[in-house]
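Per TrEMBL, these features apply:
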- 6-88: domain 'Shikimate dehydrogenase substrate binding N-terminal' (DOMAIN)
- S14, K15, S16, T61, N86, D102, Y212, Q240: shikimate binding site (BINDING)
- K65: active site, proton acceptor (ACT_SITE)
- 115-188: domain 'Quinate/shikimate 5-dehydrogenase/glutamyl-tRNA reductase' (DOMAIN)
- G127, A128, G129, G130, A131, N151, R152, T153, V154, E155, K156, M210, G233: NADP(+) binding site (BINDING)
- 233-265: domain 'SDH C-terminal' (DOMAIN)
Amino acid sequence: MDQYAVVGNPIAHSKSPSIHTYFAEQTQQTLTYSTLLGDDIEFENQIRAFLASDGKGLNVTLPFKERAYAMCDVLSKRAEQAGAVNTIVMSENGDLFGDNTDGIGMVRDMIDNHGQTLKGKRVLVLGAGGAVRGVLEPILSEQPKSVTIANRTVEKAHVLARHFECLASTFEDLEGAFDIIINGTSASLSGRLPPLKDELVGEQTWCYDMMYGADRTVFLAWAHQRGANGADGLGMLVGQAAEAFYLWRNVRPETASLVALMRKQMEDC
Ligand code: NDP
């Protein structure tokens with residue numbers, strides 16, 4: 001049977017096995033999907049050993065995405081741009097193909113599940129860490145009017161802005177309303193918000209928080225108080241998995257029903 005796994009450390013609480021098992025049942029694919037506790041020294045050998053013994057593909061999570069990027073023989077454009085790999089596919093000739101599906105997972109979630117388009121929009125991205133680096137190429141491929149990256153450490157925003165040919169700013173220097181604001185900072189994890197001016201939210205603004213949870217995130221609460229709708233990153237998590245599944249099985253699973261199911265499970269906990 002074709003085998004897949006997610007490798008990371010820690011890994012015990014990963015939602016990927018249940019997500020991929022759901023997709024396999026939905027699309028009537030026969031496969032197994034397990035977790036692999038990544039070892040700091042043996043990581044590359046673990047990947048090769050898994051793929052040598054009937055493993056067809058892997059998801060890679062923290063803290064190994066950059067090491068997966070370094071060991072792949074062939075990279076997708078979005079993995080190259082992200083500098084990180086979250087999906088490995090074993091090619092027929094034995095080459096390791098590395099992709100990064102985090103960004104396209106988020107963009108597909110926005111478009112397919114929330115009816116948002118990025119084309120022609122003024123987009124603000126908060127944060128300049130690994131997650132933001134991974135989403136910029138898929139955002140730019142949707143041809144927004146402009147993309148501004150704002151970060152606490154503004155030098156990091158400038159580095160990304162130079163690489164992706166977009167704009168950089170401090171939070172304080174941001175001006176006017178944006179059509180879409182994406183929070184890719186980890187501030188929400190500790191219940192904090194970057195210092196955002198009220199004027200960033202206009203009548204049409206829609207907000208996305210990459211973080212997700214049972215309760216509304218502080219960023220989405222901030223947006224809601226100013227009259228803006230939005231969504232959290234649960235659909236991004238499911239969306240990146242769906243793109244990986246598509247790469248491996250050439251079948252694209254439907255994601256909305258799983259997002260709804262996981263949302264209910266989180267709320268019931
Ligand atoms: P990183 O550690 O790489 O980057 C963190 C970013 O947050 C940096 O830009 C940092 O700014 C900024 N930051 C942290 N604390 C604050 C604060 N108090 N105020 C303002 N800015 C702050 O993290 P990741 O990029 O890996 O993850 C970012 C978020 O994305 C997390 O919430 C994570 O859960 C989420 N995520 C969600 C995914 C999903 O599938 N839904 C997938 C991947 C990530 P500075 O540079 O100044 O330190």
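Each Cβ is built from the backbone N, Cα and C atoms, and glycine gets one as well.
V154 (NADP(+) binding site) falls within a helix when secondary structure is assigned with DSSP. For the domain 'SDH C-terminal' (233-265), the number of residues in each DSSP class (helix H, G, I; strand E, B; coil) is 26 helix, 0 strand, 7 coil.
Ligand 1 lies under 6 Å from the Cβ of the following binding-site residues, listed in sequence order from K15, G127, G233: G127, G233. Between the farthest pair of Cα atoms in the shikimate binding residues (S14, K15, S16, T61, N86, D102, Y212, Q240), the distance is 19 Å. In the three-state DSSP classification, G129 (NADP(+) binding site) falls within coil.
Most Cβ neighbours within 10 Å, among the binding-site residues S16, T61, Q240: Q240 holds that distinction in the structure as shown. Per-residue pLDDT, averaged over the domain 'Quinate/shikimate 5-dehydrogenase/glutamyl-tRNA reductase' (115-188), rounds to 96. Counting residue by residue with DSSP, the domain 'Shikimate dehydrogenase substrate binding N-terminal' (6-88) contains 35 helix, 20 strand, 28 coil. Between the residue listed as 'active site, proton acceptor' and G129 (NADP(+) binding site), the C-alpha separation comes to 13 Å.
For A131 (NADP(+) binding site), none of the binding-site residues have C-alpha atoms inside a 10 Å radius of its own C-alpha, out of K15, S16, T61, N86, Q240.
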